[in-house]
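Taken verbatim from TrEMBL:
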type	residues	note
BINDING	17, 18, 19, 20, 21, 22, 125	ATP binding site
BINDING	21	Mg(2+) binding site
BINDING	39, 63, 86, 148	substrate binding site
Ligand SMILES: Nc1ncnc2c1ncn2[C@@H]1O[C@H](COP(=O)(O)OP(=O)(O)O)[C@@H](O)[C@H]1O
Ligand SMILES: O=C(O)C1=C[C@@H](OP(=O)(O)O)[C@@H](O)[C@H](O)C1
Ligand SMILES: [Mg+2]
């Protein structure tokens, strides 16, 4: 049988609600790799939720912790799947560090679908909480994506909306990775 490509480290990027955490967990199971979620790692180190960090310290502090936690994770040896936060590639030196260390997969999901998913749990996403209605959320997501797209578009791998399934992503990765 032909050798399977061996995945060392995989990074998922994309807007809030794109499914980075959900798909990342599934991919980690499929590849038998540890799963890490950057937000969860920050929360564990800080002993408080992302919403609490934003409320108490502001976004700059969160971005500094985010970059430092990413660095710390990358310096550890070993294989993993890492789900980043939506803003991760857009701050500090994070995108270059992601691109240098493993395949980066962009989950591209239309704003209307992101809004539908986020509305159920807006309180967990401080940058999107407190918007008055669906139209305001869509407008904020549109504006955010317009700026962030230039970062997300640098990912060498991408899946779009309904094509972001476990099977499709495994096929994409098999084409991308050199055979072991
Ligand atoms: N492929 C999908 N189809 C429909 N809903 C999804 C999908 N992936 C994730 N979700 C839902 O969308 C919400 C956001 O998913 P999550 O994985 O937390 O996204 P992210 O980490 O990119 O912000 C969750 O409620 C999750 O259950
Ligand atoms: O888009 C963003 O700037 C953020 C997205 C969140 O992660 P998810 O993309 O997993 O929601 C989290 O890191 C924080 O609330 C900021
Ligand atoms: Mg997430």
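Cβ coordinates come from backbone N, Cα and C, glycine included.
Shown here: features listed in TrEMBL, placed on the structure.
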residue : record                 : Cβ within 10 Å
17      : ATP binding site       : 25
18      : ATP binding site       : 24
19      : ATP binding site       : 20
20      : ATP binding site       : 28
21      : ATP binding site       : 18
22      : ATP binding site       : 15
39      : substrate binding site : 22
63      : substrate binding site : 17
125     : ATP binding site       : 17
148     : substrate binding site : 17
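You'll find the Cα of residue 148 (substrate binding site) roughly 17 Å from the Cα of residue 19 (ATP binding site). With respect to ligand 2, the binding-site residues 19, 22, 39, 125 contribute 39, 125 as residues with a C-beta closer than 6 angstroms to one of its atoms, given in sequence order. Same-chain residues that are not part of 17, 18, 19, 20, 21, 22, 125 yet have a Cβ within 8 Å of the Cβ center of the ATP site turn out to be 14, 15, 16, 23, 83, 86, 107, 117.
For the ATP site, whose annotated binding residues are 17, 18, 19, 20, 21, 22, 125, the maximal Cα to Cα separation is 16 Å. Cα to Cα, residue 17 (ATP binding site) and residue 39 (substrate binding site) are separated by 13 Å. Checking each of the binding-site residues 20, 21, 125 against residue 63 (substrate binding site) by C-alpha distance, the shortest gap belongs to 125. Listed in sequence order, 14, 15, 16, 18, 20, 144, 148 are the same-chain residues six or more apart from residue 86 (substrate binding site) with CB atoms under 8 A from its CB. Checked against residue 39 (substrate binding site) by C-alpha proximity, the binding-site residues 19, 22, 125 yield 125 as the nearest. By the rule that a residue counts when its Cβ sits under 6 Å from some atom of ligand 3, the binding-site residues 17, 18, 19, 22, 63, 148 yield nothing. Taking 20, 21, 39, 63, 125, 148 as the candidate binding-site residues, the subset whose CB lies under 6 angstroms from any atom of ligand 1 consists of 20, 21.
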